[in-house]
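> One structure coming up, written as structure tokens, with questions to follow.
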Amino acid sequence: MTNTKYYPDVSANVDFAAIEREILKFWQNNNIFQKSIDHRDGESEFIFYDGPPFANGLPHYGHLLTGFIKDVYARYQTVKGKKVERRFGWDCHGLPAEMQSEKELGISGRLAITNFGIEKFNNHCRASVMQYASEWKQYVTRQARWVAFDNAYKTMDKNFMESVLWAFKELYNKGLLYESMRVMPYSWACETPLSNFETRLDNSYRERTDKAITVSFMLNDITLFNSMISQKLGMTGGDNFKEYRILAWTTTPWTLPANLALAVGSDIDYALVNKNDVCYIIAASSVAKYAKELGLSGKENFEIIKGLKLQGLSYKPLFNYFENHPNSFKIFASNFVVEGEGTGIVHMAPGFGEDDQILCESKGIELVCPVDNSGKFTKEIPDLEGVQVFDANDKIIIKLKEQGNWIKTEQYIHNYPHCWRTDTPLIYKAVPSWYVRVTQFKDRMVELNQQINWIPHNVKDNLFGKWLENARDWSISRNRFWGTPLPVWKSDDPKYPRIDVYGSIEEIEQDFGVKINDLHRPFIDELTRTNPDDPTGKSIMRRIDDVFDCWFESGSMPYGQAHYPFENKKWFVEHFPADFIVEYSSQTRGWFYTLIVLSTALFDRPPFLNCICHGVILDATGQKLSKRLNNYADPLELFDRYGSDALRVTMLSSNVVKGQELLIDKDGKMIFDTLRLFIKPIWNAYHFFTIYANADALKGTLNFTSQNVLDIYILSKLKIAVNKIEESLDNFDTQTAYHAVSEFFEVLNNWYIRRSRARFWKKEKDTDKQNAYNTLYSCLETMTIAMSALVPMISEAIYQGLHNTAITQLNCLLLEGKHVVQNPMSGTQDYNTSVHLCNYPTLSDFEINHELVSTMDNVLDICSNSLFIRSTKNIRVRQPLACITIISKHNNNLKDFEDLIKDEINVKTVIYRDDLENYAHKKLSLNFAILGKRLPHKMKAIIDASKKGEWETSTLGLVICGEILNSNEYKLVLEPHSHIKGTANFENNSSLLILDLELTSELIEEGYARDIIRFIQHARKEADFSITDKILIEIISEFDLSKIIENYGDFIKEQTLGEFAKNFMPDYVSKVALENNLIQLKVKRL
């Protein structure tokens, strides 16, 4: 026996995490990532934008999921021949960095930061934003994601910031920017406004209970209604009401001190309710809710008037804080007032409500906003100065009760927006801000969105499309510190107004005569100059305090990373838009949105052409992953336990890539199952090949010419799988791609290898044996390349092993790190050190034998169904059965594989029939969910008819109760006649098999012989014998086995490479049970 080995010694029980660590070393030592880019120089590019994360926190499972998806398509496009640059990037500015710094410095609020010093604060932010960069690199590298960290862009870099300035000025020059004091979502905890889309990020709405109150406002003019309605209302004590009071309902009592108007619905019916000669005005539909407060019995009749008649009436202010405010304290009609909750009357505080501001401005009422940046009342409300608005509610309610304006207090449960950084409830507050006129070009955004391929596809017109249709102007300025400063300088003297907007560092340097080394505050704030429009020379141009919304910077990533237009103009034109981006679904309100806003406004182009919106990862109970809940494991721990390929497969083969949720358990059972059910079968096929190829001292080659029917079948299945993976990944569908891999290895292991064992085991090294090795080798090498993006490290390990590189020595390759391998795509010699440097296989010289595949798949179906019947009847596979009857219209094809069927399911005879009607009938199975929606009124009759078999098929389809059913509304299921046992359907429910389950004594004896063979093979394995070792066997039994040995002894010896003997010193002894009888088995290696 030769000692020549062409392949590593591969263990069946392998530590995949250890293998991955070796692969990572191999990639690093051989610079494989950079080679994968360099060797595609001159090829067309696949443009990929890497959305920048913040580096002031550790990566979580969501980051890993996004990273896995990015890596799959980058690797895939590389093996498809594209050049794929993968430049990493960091988000550096904004609230995440500032909040972290405030926490670390022990300060809070704008005043505290100013006192601390803006320069020192921003220096701390600059240092803190990158504090986890090394950990990020560790996580990203360990997950086998290839990115260029060394050339990473940062939004805090001067060049990136300058591109942001350019974008701002471009928008300004196009008339797409304006400054305004508008009501916006406002985080009092962060002391900054938020964009409307930021309140939609990460499900920032929380259930909250607030006090909703109803208050009465006294009308000033009480004569309007008296003469008209006093008699109808049955008043007492005279012909006049003493007072008219209009009732308003609000969930924000703290806004009442800033009330300046009331709004009613023009067409809403309002009831005039008499209580003790006071007329209360309330929507007629809401009267019943206030019966107790208004002393009503439910039998009263009310005078009804339309809301339009109330317009223009004035009322007495609840408080005297703004009693002299011009044009205020009147009732106005508006179409945003609706019936339902409350009283049908809305109180207007234009400083705290967007609709309020719009209505009041249209009536000449200037807003008031007596709340400061930290959400506390200012001195304009002296009774509440310094009180946080939510803490003021009870104080306001008490005062209203004392004044006689209070009617009712309720506990109101509603979904309320919270700050996405601090999780504190937002308020709506008027703040000065710069806005992008998104409403001016939103229709164009909707048009450009149609050019984007969204995954899932419904995002285009639903989640994202509807968001674009309702887009609002975007507030892009923030009164914060750590960010790109708005390049706007204003005159400090309103008598000589002037605004200068700068779009480059050069422009700033020219006007201010200084060298700009840092664009951040406070350095940029210190740049001042005399106002050129002031003839007195006294007014000064000063920069406004605001910085950019960090989302503006994220949306500037395509040109910011290139320092466009100051550098790399040609590069940018060639790399815009992106071919592909990916993030989780909430980014339709974040990065995806800001990208398309700026891309449309600046370039009139979509920013990307393909976009995956994946779902979110939750714990096993459906809760968000949280450090506080301790409901997830550190990803690095899972990598060390199961490897990162297993986590990659777990995530990307699930519905999370289609925008749905993925529930993952803390202990990693789901990942272990992936390892066991997906990755281990791949390794098992590789292990089988190496162990037998080494035993035979044979080397496999890429060869697709074998005429063996099993070889042709598995090579056809291989090409089908390779094509399916390619089609799936071309369509950004990893789920289907992983299924194609799993399905192929299921057939390879459990059909091809098992059915070809005799070819691998036989002694002769003939052409048939070599063809078997070549075929299995071709399957393994081709699939490692095809699936290299899906399981990059296991693919690399197998690929290297197939090229005679020991797994533990991957970082010690010879020939200057290169191996000569055959490329299955071209048939030429390529110098590839890695599977990731190969070209995607096409198998262009091999034609799929579709007829063989169809027939063999039916054979496989017959065998698997037969084995299932055995399992359900508790008949072991080693027990022979008399026959199987196959009832099909395609028996002629099946007859060619009769011996295979007999051997696989262990039967003596195969009987073929085509008279299906004598064995089974068609049963109608209805799809109630679909059919019930179309024909709800006929469902009972259709169900009854289906049970009675009162239906028929025609050229038009299936007809029942006079209705023609659609193909997705029913199935015709083959159902055996009740007296027939041991049956199963196959060939898409059009054929039937019947397994004869009766056991004769001869069949039972042969079954025992096969059991003995299994016991001996198990003993060989436990004794650690080689598969080629010949052995001695002795069997000592409690019952007589002589007849079995006499009839099947030669068969037993052939299958086990053994000879029967007695009185020898065994290497291994075992005791086993055969049909409840004890057998002692002794074996010895010869």
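Glycine too: its Cβ is placed from the backbone N, Cα and C atoms.
The ATP binding site annotation in Swiss-Prot covers Lys627. According to Swiss-Prot, the feature motif ''HIGH' region' maps to 53-63. Look at Swiss-Prot and you will find 624-628 tagged as motif ''KMSKS' region'.
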> Count the residues of the motif ''HIGH' region' (53-63) that DSSP assigns to helix (H, G, I), to strand (E, B) and to coil, and report the three numbers in that order.
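Helix, strand, coil within the motif ''HIGH' region' (53-63): 3 helix, 1 strand, 7 coil.
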> Averaging the per-residue pLDDT over the motif ''KMSKS' region' (624-628), what integer do you get?
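Summing pLDDT over the motif ''KMSKS' region' (624-628) and dividing by its length gives 77.
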> List, in sequence order, the same-chain residues at least six positions removed whose CB sits under 8 Å from that of the residue listed as 'ATP binding site'?
none
> Tally the residues of the motif ''KMSKS' region' (624-628) by DSSP class, grouping H, G and I as helix, E and B as strand, and everything else as coil.
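Helix (H, G, I), strand (E, B), coil: 0 helix, 1 strand, 4 coil.
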